[in-house]
Amino acid sequence: MGSQVHLLSFLLLWISDTRAETTLTQSPAFMSATPGDKVNISCKASQDIDDDMNWYQQKPGEAAIFIIQEATTLVPGIPPRFSGSGYGTDFTLTINNIESEDAAYYFCLQHDNFP
């Protein structure tokens, strides 16, 4: 029986300003995968945000790391099995050939709003 990779994506709400609030909704909230699987995590914005979407990975007890910028650009040093797609309101983080070391929380965030 193969080992499983447990991934947790979570909803992160961020208010961009008082004139235009953007809500980001991720799905699924939790998933299990077997090493070698392909995994997709969806992030939907409540309004058009062009390509202003970043993805982050956070392992338990560690700081979040930046993995995808502006929806599709892989951050240097991140393995190429990670990729991002989307524009406007619908975005996807894809992990191809997932590995056990990829077990983590994943979250999307409109890039103009990272503290």
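Our numbering is plain: 1 for the first residue shown, then up by one each step along the chain.
Using the three backbone atoms N, Cα and C, a Cβ is placed for every residue, glycine included.
It should be emphasised that the depicted structure is a prediction, and the values quoted were computed from it without experimental measurement.
As recorded in Swiss-Prot, the features of this protein are as follows:
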type     : residues     : note
SIGNAL   : 1-20         : signal peptide
REGION   : 21-43        : region 'Framework-1'
DOMAIN   : 22-115       : domain 'Ig-like'
CARBOHYD : Asn40        : N-linked glycosylation site
MOD_RES  : Ser42        : phosphoserine
DISULFID : Cys43-Cys108 : disulfide bond
REGION   : 44-54        : region 'Complementarity-determining-1'
REGION   : 55-69        : region 'Framework-2'
REGION   : 70-76        : region 'Complementarity-determining-2'
REGION   : 77-108       : region 'Framework-3'
REGION   : 109-115      : region 'Complementarity-determining-3'
Where else in the chain does the region 'Framework-3' (77-108) make close Cβ contacts, counting only residues six or more beyond its ends and a cut-off under 8 Å?
3, 5-10, 12, 24, 26, 33-51, 53-60, 64-65, 67-68, 71
May I ask for the distance between Ser42 (phosphoserine) and Cys108 (disulfide bond), taken between their Cα atoms and rounded to an integer number of Å?
9
Other than its own, how many Cβ atoms are within 10 Å of the Cβ belonging to Ser42 (phosphoserine)?
15
Sparsest-packed among the disulfide-bonded residues, when each Cβ's other Cβ atoms within 10 Å are tallied, from Cys43, Cys108:
Cys43
For the region 'Complementarity-determining-1' (44-54), how many residues does DSSP put in helix, in strand and in coil?
0 helix, 4 strand, 7 coil
Could you list the residues of the same chain, at least six apart in sequence, whose Cβ is under 8 A from the Cβ of Asn40 (N-linked glycosylation site)?
Thr92, Leu93, Thr94
Taking DSSP H, G, I as helix and E, B as strand, the region 'Complementarity-determining-2' (70-76) contains 0 helix, 2 strand, 5 coil
